[in-house]
Amino acid sequence: MAATTPAQDVGVEIYLGPVWPAPSNSTPLALNLSLALREDAPGNLTGDLSEHQQYVIALFLSCLYTIFLFPIGFVGNILILVVNISFREKMTIPDLYFINLAAADLILVADSLIEVFNLDEQYYDIAVLCTFMSLFLQINMYSSVFFLTWMSFDRYLALAKAMRCGLFRTKHHARLSCGLIWMASVSATLVPFTAVHLRHTEEACFCFADVREVQWLEVTLGFIVPFAIIGLCYSLIVRALIRAHRHRGLRPRRQKALRMIFAVVLVFFICWLPENVFISVHLLQWAQPGDTPCKQSFRHAYPLTGHIVNLAAFSNSCLSPLIYSFLGETFRDKLRLYVAQKTSLPALNRFCHATLKAVIPDSTEQSDVKFSSAV
């Protein structure tokens, strides 16, 4: 009969993972509870997988993203910019906001090629590269969510306060709003970066993405507060829609613009929710006093989970052009007209029109009606 160790006799399992610090006055029961919480933490989704299995899964997901989503996001956002700029005289106020949203998404899609094959999260060991990618990611995130928040507020003004705000809802004020939103997005990223960089300037492995204060700001300013405002706007919009339906009904054009903005907001929420939950779980866990950001990096602890939530966030920038193409009838007509102008050969012209007709459904309204000034 084989000899057993004392640990085996009492059924004790030895925990080899990272050890959490225990308070000086902690009891054995409290220490065991903290270890149990660590093992059952929500972020620990891949504890039963080997490093090789996690690498294979991450590589497979990265290939799927690169083959299917990246071309849609890259080409789609460029088309939104090129087509709308080509017909700038027919550009509406919602189109102007969507152009800026497409520019922000295009930045992230281009940056995603670096991040998408960061399979073992080793890019975060390079301080300059980690900080560079984090800055681009945050600027895109802030600009996207700020534009969506402002677009929701603009829809509320167009539906509920049309008479009072008609003089202020002009293209000039829309361009000014876009400029202010970009300034706010850059400031919300660079001001915290400057502050924490001065404090951690002597740390060789400093990474902007791993600073807890920056992560709290990202979750609060980039997710919780904007979506609270968006939720309030849409609750007021629903009330305005009920009133409009009772009295005179709502113009079809306003309904379509509202439906498209709501779809973009919903996709943004679904794609960015895992990233913010992942960061929040890390922030709510205990941190050892005096630890540097390198030692607190949650992306090193859960590389596969971090990779999955990053891919989900990048997917938002790839799906927005699809929503804009299928729900934006004005853009579909502009795209057909743009293709007709750029394809001089009759055979190529017919092929492009047939392809567009097969991929993008026909509009139900005439083009001259859709190109009229928007609300």
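Here the Cβ of each residue, glycine as well, is placed from N, Cα and C on the backbone.
Note on Asn32, Asn84: Swiss-Prot annotates N-linked glycosylation site at Asn32; no matching annotation appears for the rest, which is not proof of its absence. The cysteine that Swiss-Prot pairs with Cys130 in a disulfide, picked from Cys205, Cys207, Cys233, is Cys207. Relative to the membrane, Arg199 and Phe331 are annotated in Swiss-Prot as lying on opposing sides. Record note: of Asn25, Asn44, Swiss-Prot gives the feature N-linked glycosylation site to Asn44, with no matching annotation on the rest. Outside the transmembrane segment (133-153), and at least 6 residues removed from its termini, the chain residues within Cβ reach (under 8 Å) are 94, 97, 100-101, 104-105, 107-108, 111, 114-115, 123, 177-178, 181-182, 184-186, 188-190, 193, 207-209, 218, 221-223, 226-227, 229-230, 233-234, 237, 261, 264-265, 268, 272, 313, 316-317. Averaged over the topological domain 'Extracellular' (121-132), the predicted model has a pLDDT of 68. Other Cβ atoms within 10 Å of the Cβ of Cys130 (disulfide bond), summed over all protein chains shown, number 23. Away from its own ends, the topological domain 'Cytoplasmic' (154-175) comes close to residues 91, 93-94, 96-97, 233, 236-237, 239-241, 244, 250, 254, 257-258, 261, 375 of its chain (Cβ-Cβ under 8 Å, at least six residues beyond either end).
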